[in-house]
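Residues or ranges marked as site 'Important for acyl-CoA specificity' by Swiss-Prot on the basis of sequence analysis: Glu111. Residues or ranges marked as active site, acyl-thioester intermediate in Swiss-Prot (evidence: sequence analysis): Cys142. According to Swiss-Prot, the substrate binding site annotation covers Lys163, Ser192, Arg249. What Swiss-Prot records for Ser192 is site 'Important for substrate specificity'. Per Swiss-Prot, active site, proton acceptor is recorded for His235, and the stated evidence type is sequence analysis. According to Swiss-Prot, the feature active site maps to Glu237.
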Amino acid sequence: MPIIIDKDLPARKVLQEENIFVMTKERAETQDIRALKIAILNLMPTKQETEAQLLRLIGNTPLQLDVHLLHMESHLSRNVAQEHLTSFYKTFRDIENEKFDGLIITGAPVETLSFEEVDYWEELKRIMEYSKTNVTSTLHICWGAQAGLYHHYGVQKYPLKEKMFGVFEHEVREQHVKLLQGFDELFFAPHSRHTEVRENDIRGVKELTLLANSEEAGVHLVIGPEGRQVFALGHSEYSCDTLKQEYERDRQKGLNIDVPKNYFKHDNPNEKPLVRWRSHGNLLFSNWLNYYVYQETPYVL
């Protein structure tokens, strides 16, 4: 089933070339089925790339989705044209009186700061509070997951000696949770972060359930009561070349960055990346949409 997006959104052309079913708002309004309202709070500086990554995954489901892109009003985005934000994005103030079936909060390259040092932290706290009563289920990704765990449950993040960077094997810890329906017992997911949350801290919060972790990369998937909050510390939405682009960017900046682990063939950056997370990435997003959004949301929001 299609996702509904603005006909002029640049990501539309990318998605259509990949045979992802997208639909214009004009066409969708002629149908009698209610689309699921999904908001994406895009905290990444590479907004258009992140749009395509997430729309690619949520568009690969048998559900019609009405997607609303959000950006932070209290933060000046320097890596995206203001025209793009004006044309395709809303702020929290624009939608705070609405209800949504689902919300995705992305990662952000601010993890070395304390949460309170992030210039939009107060606005993000208001959005996370709003999500508790106005959103059926919220999916938090990477730093967005760390922020959600900290705000809702007081779970701290800790600096790593070296960046967790690469594609890592994870083990399913809870076999009978719908979010992991169809998952293999072992699966891969990318990570790209300088901080971590710790398993003992997660297990110390009775409302949280650890679903999957990695011996090397640590905590990956965590779920709150009734699936109202889902936390993914990795980046299952990443495209094939995202880690490569990050690696090359950091090298160009002169940073001391290791080759992403388990990513390039033979761990050689001159060779092609090996994609081993795509199927489980699709499964993660489709399970979230099906079991925690579509199956749980009321017809009238």
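Placement of Cβ uses the backbone N, Cα and C atoms for every residue, glycine included.
Features as recorded by Swiss-Prot, highlighted on the structure.
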residue : record                                    : DSSP class
Glu111  : site 'Important for acyl-CoA specificity' : coil
Cys142  : active site, acyl-thioester intermediate  : coil
Lys163  : substrate binding site                    : strand
Ser192  : substrate binding site                    : strand
His235  : active site, proton acceptor              : coil
Arg249  : substrate binding site                    : helix
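Within 10 Å of the C-beta of Lys163 (substrate binding site) there are 18 other C-beta atoms, taking all protein chains into account.
Taking the mean position of the Cβ atoms of Lys163, Ser192, Arg249 as the substrate site, the remaining residues of that chain whose Cβ falls within 8 Å of it are Phe165, Leu243, Glu246, Tyr247, Asp250, Ile257, Pro260. A simple way to gauge crowding: the CB of Ser192 (substrate binding site) has 19 other CB atoms within 10 angstroms, across all the protein chains here. Comparing Lys163 (substrate binding site) with Glu111 (site 'Important for acyl-CoA specificity'), their Cα atoms are 11 Å apart once rounded.
Using a 10 Å Cα-Cα cut-off from Cys142 (active site, acyl-thioester intermediate), the recorded positions that qualify among Ser192, His235, Arg249 are Ser192, His235.
Straight-line distance linking the Cα atoms of Glu237 (active site) and Ser192 (substrate binding site), rounded to a whole number, equals 12 Å. Annotation: His235 carries the greatest number of neighbouring Cβ atoms among the recorded positions His235, Arg249 [cut-off 10 Å, Cβ to Cβ]. Largest Cα-to-Cα span within the substrate-binding set Lys163, Ser192, Arg249: 15 Å. With a 10 A radius on its CB, Glu237 (active site) counts 28 other CB atoms from all the protein chains. Under 8 Å, Cβ to Cβ, and six or more positions away along its own chain, Glu111 (site 'Important for acyl-CoA specificity') finds Trp143, Gln146, Lys157, Arg193, His194, Thr195. Rounded to the nearest whole angstrom, the C-alpha distance between Arg249 (substrate binding site) and His235 (active site, proton acceptor) is 18.
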